[in-house]
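K.L.:
Annotations per TrEMBL:
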- 23-33: compositional bias 'Gly residues' (COMPBIAS)
- 304-316: compositional bias 'Basic and acidic residues' (COMPBIAS)
- 140-291: domain 'CRAL-TRIO' (DOMAIN)
- 1-48: region 'Disordered' (REGION)
- 90-121: region 'Disordered' (REGION)
- 304-341: region 'Disordered' (REGION)
Amino acid sequence: MDPACGLTDDRASPPNSLHVSSPGGGGGGGGGASHHKRRTLVAPEMNLSLDQSEGSLLSDDFLDTPDDLDINVDDIDTPDETDSLEFITNGNDLEWEDDTPVASAKAGPRDGSEGVDGDGAANGRLWRTVIIGEQEHRIDMQVIRPYLRVITHGGYYGEGLNAIIVFSACYLPDSSCPDYHYIMENLFLYVVSSLEMLVAEDYLIIYMNGATPRSKMPGISWLKKCYQMIDRRLRKNLKSLVIAHPTWFIRTVLAISRPFISVKFMNKIQYVHSLDELAELVPMEHVHVPECVVQFDEERIKARRERMEQEQRQQEQQHSVPQEPIKKSDRPKSMIVDQGL
């Protein structure tokens with residue numbers, strides 16, 4: 001310690017030598033002490049200061065690198081956008097589906113073969129992982145690919161981000177198709193997860209029921225599962241469920257569903273019988289209406305117009321037929337008595 005600082009240190013200085021005993025130094029007897037030798041190992045001087053003085057760890061002697069380790073970054077070949085990297089993935093490939101990396105598996109229902117389709121993609125399964133109700137689920141995107149148009153975004157209404165969700169039942173799978181329950185299970189997860197992604201604030205659902213055969217109508221158990229698995233926020237923010245072209249079958253299904261559907265939800269259901277009535281409720285600029293639903297609506301309007309014209313002709317014919325005057329002999333006796341005849 002520097003005495004100029006006014007402080008002294010009574011601690012002993014650290015040793016700079018190491019006492020090493022000879023191999024025979026541990027023997028007994030007084031004679032062994034004469035063979036006891038002492039070896040001294042001198043520690044090298046080391047400067048642990050953080051400046052760049054001579055002998056410091058940060059001095060140029062320690063920081064210098066040999067010439068053969070110099071790296072020129074400009075001479076390094078880096079991959080460009082056209083280069084691709086191949087990974088060993090144990091038979092599973094990573095593909096992108098709607099900005100989401102999903103795994104492509106080689107096995108699935110009725111799909112045990114490996115091959116390449118016309119687009120050059122592996123003939124496998126595309127999986128998407130979603131979180132529904134704080135639980136992770138996997139969706140088989142490959143098996144529901146033909147039915148993805150069942151739910152679409154129809155723009156917004158009113159002020160703010162009040163979304164319009166269009167559910168087209170005509171795009172549902174037919175109940176006679178193979179793996180129907182497997183398809184509907186994955187389609188159910190896709191619909192529920194899509195709602196959570198598409199909806200930010202209040203929203204309404206347009207259920208396109210027109211041109212949908214009964215074989216494509218979802219069962220009550222499927223609707224019940226959808227309703228129960230939808231997050232409470234989504235059920236609360238739903239302002240209206242508009243059913244276009246309702247049939248007695250869909251009315252019956254909703255009536256049977258009353259035990260597990262709240263009264264508040266049932267009060268949000270509205271029925272419209274044409275696309276014109278629907279246009280009076282919501283803006284239709286961005287609503288995707290399936291072509292089969294448009295044809296169905298036109299046919300119903302045409303049939304209604306023909307029925308009205310037929311009823312009008314029948315009424316005109318009834319008024320145009322001349323009524324013959326009643327003869328005196330044909331008059332009832334009560335009339336003759338009243339008239340004094």
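Each Cβ is built from the backbone N, Cα and C atoms, and glycine gets one as well.
Note that the structure is a prediction, hence the values are computed from the model and not measured.
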K.L.:
Could you count the residues of the compositional bias 'Basic and acidic residues' (304-316) that DSSP puts in helix, in strand and in coil?
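P.N.:
For that range the per-state counts are 13 helix, 0 strand, 0 coil.
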K.L.:
Averaged over the domain 'CRAL-TRIO' (140-291), what pLDDT does the prediction give?
P.N.:
91
